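Student: Provided herewith is a single structure, encoded as structure tokens, for subsequent inquiry.
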Amino acid sequence: MATTTPVAPVGTPSRSAARAERKRRLGPLGVLTHATLAIWTLLVMVPIIWTFLASVKSEDEIFGAAWSLPSTLHWDNFARAWEQARIGQYMLNSVIIVSFSTFGTMLIGSMAAYVLARYPFRGNRVIYMLFVAGMAFPFFLALSPLFFVVQNMGSVPVIGPFIGLNTYAGTILVYIAYSMPFTIFFLSAFFRTLPTGVAEAAMVDGASHTRVFFQIMLPMAKPGIISITIFNILGQWNQYQKPLILLQDREKWVLTQGIADISTAAGYDADWAALFAALTLAILPMLVVYTVFQRQIQSGLTAGALK
Amino acid sequence: MLFNRYRRGLFIASFLAAPVILYVIYVISPNIQAFYMAMTDWRGVTATPNFIGLDNFQRVLGDSVFWKAVTHNLGLLVLLPAITIIIALFFAYLLNLGGDKGVSGIRGSTFYRVVFFFPQVLAVTIVAVLFQQVFRPDGSGMLNGPLMALGIEPVGFLSNSGIAFWSVLGVLVWQAVGFYVVLFSAGLAGIPRDVFEAAQIDGASRFTLFFRITLPLLWDTVQVAWVYLGILAMDAFAIVWVMTLQQGGPDWSTTVMAAEIYRNAFGYFRFGYASALGVVMFLFTVGFAILSLRLSRRERIEY
């Protein structure tokens, strides 16, 4: 980029000539290719943009012609969604739960993966297989018993009130536990590929096992850690079934529950304008964050799938 | 030396303690309990569950709603991966090899990849609510609005029991395609360019290039995609529960195993019976895993 390529002034013949040249080279097949891709682009974007538009319409306009533009921008829809439909509260709950559970998942998941990948000991294979086997069990098999497990945790002395049903910590612990199989599977494969020399040299110099892990191996595993962190953030942010059974108290609901509730339970007196505003509030930040970090997110998620 | 071994053991134990304890409490124990609970009539109110042997499983056999759910899952299992993989492969091929002379990427491929991926970063629940509005049966629905303006009868995307299942499938495909375009693109990037160029020089058509070169070299990735989409098809809970009428309706035309398990457990408080359904779902999952391993076994191509 820093080379001294001469830049033609805008609108000069050479530029339009280049464009014509490109068009000529594109040919009928190229046009068809772009048309096909453009159609899917529209299929993806139109429902989303339509929702954004509806979020600033009045109630009457929403029930009017589907493709009309809003006459005036009703920003108050957003205020109602945030306050009355409590999207602000739900979003905060989601942020709290996901930040702690992703941090916890990465901390203890990478510790377990590291030990299982690089320390041969009796029972190593058994523990590893136990974790990985978790990927084969559908969540709905454990659905009912898990509810009672968490309910019973609520009567554990001292910490019980913090880890039972309808608690942040209880939900966080469940998220962490269910993220273990893939996290350990992926990261232990990653730790196995790292060279042994650096760690051994540090050990000879007197570093402890713990120190080698946190100061040498963890930084070396950074690409893998980033991939799986993205995978876990997205996965946990999008959770629906687990909060549905664990967080039945409206105060503790996460965003996905809140949005689903506005549309299903509301019925005739539903505030449709606020629903569209709530949808926009749930979609827009995700798209912005994704667009900024798209390279990392795409490669992170596909690496997660391909390992 | 002895001290060192002691330290090593202590280190291993301290690093494994938290993950193993959490995993045993929240994952292993509920999964094992499910197999026992499946043989009880537990409704969550009595002190101890009542053991009834295999009665629940006998009841599953006569549960017509659940078998409808099973057929829907099996339908999704065949259609979702097939449709998604075909569309995604086609797009990935166009994006990466659709350019000049068929061996380079086309202009704007980054843009397409970014946009196609959008639905993937949205929560399934959000997508479900979004499409509930898109599919609205009156003139204010995104699809029915234009149809009615043209004087065509509105389509009951979610209210017509013959169409609702296809709407669910459509939304699942809509959400999934982008991820697999990126996945296949990553796969294609790993194949050396000269393979394509050599074939090109030998006079291979675009068609041959795709079916004789690209697809075989991408087979490993396609396998991964098939397994991932299979898992998605076996679940499909959020989309059905949130988007469809009566959560699996109308007339049970869209319900899936996961929705019936949830309904029996937390709608009817039949925890024992729901667990039995869970065991059946588990058996289907294992069956799918074995089948897909068998079917996709193939000579691996080294390059």
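Keep in mind that glycine also has a Cβ here, set from the backbone N, Cα and C atoms.
According to TrEMBL, the record shows the following:
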- B:70-292: domain 'ABC transmembrane type-1' (DOMAIN)
- B:9-29: transmembrane segment (TRANSMEM)
- B:74-95: transmembrane segment (TRANSMEM)
- B:115-135: transmembrane segment (TRANSMEM)
- B:163-183: transmembrane segment (TRANSMEM)
- B:225-244: transmembrane segment (TRANSMEM)
- B:271-293: transmembrane segment (TRANSMEM)
Student: Short question: which residues 6 or more past the ends of the transmembrane segment (B:115-135) have a Cβ under 8 Å from it?
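Tutor: Here the qualifying positions are 91, 141-144, 157-158, 167, 171, 174-179, 181-182, 238-239, 241-243.
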Student: Can you name the far-off residues of the same chain, 6+ from the ends of the transmembrane segment (B:225-244), with a Cβ under 8 Å from a Cβ of it?
Tutor: 73, 76-77, 80-81, 84-85, 88, 123-125, 127-129, 131-132, 135, 158, 164, 167-168, 171-172, 176, 180, 183-184, 250, 254-259, 262, 281, 284-285, 288-289, 292, 296
Student: Near the transmembrane segment (B:163-183), which residues from the same chain, at least 6 beyond its ends, have a CB less than 8 A from one of its CBs?
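Tutor: 72, 75-76, 79-80, 83-85, 87-89, 91-92, 95, 112-113, 115-120, 122, 124, 127-128, 131, 135, 155-157, 221, 224-225, 229, 232-233, 236, 239-240, 243-245, 249-250, 253-254.
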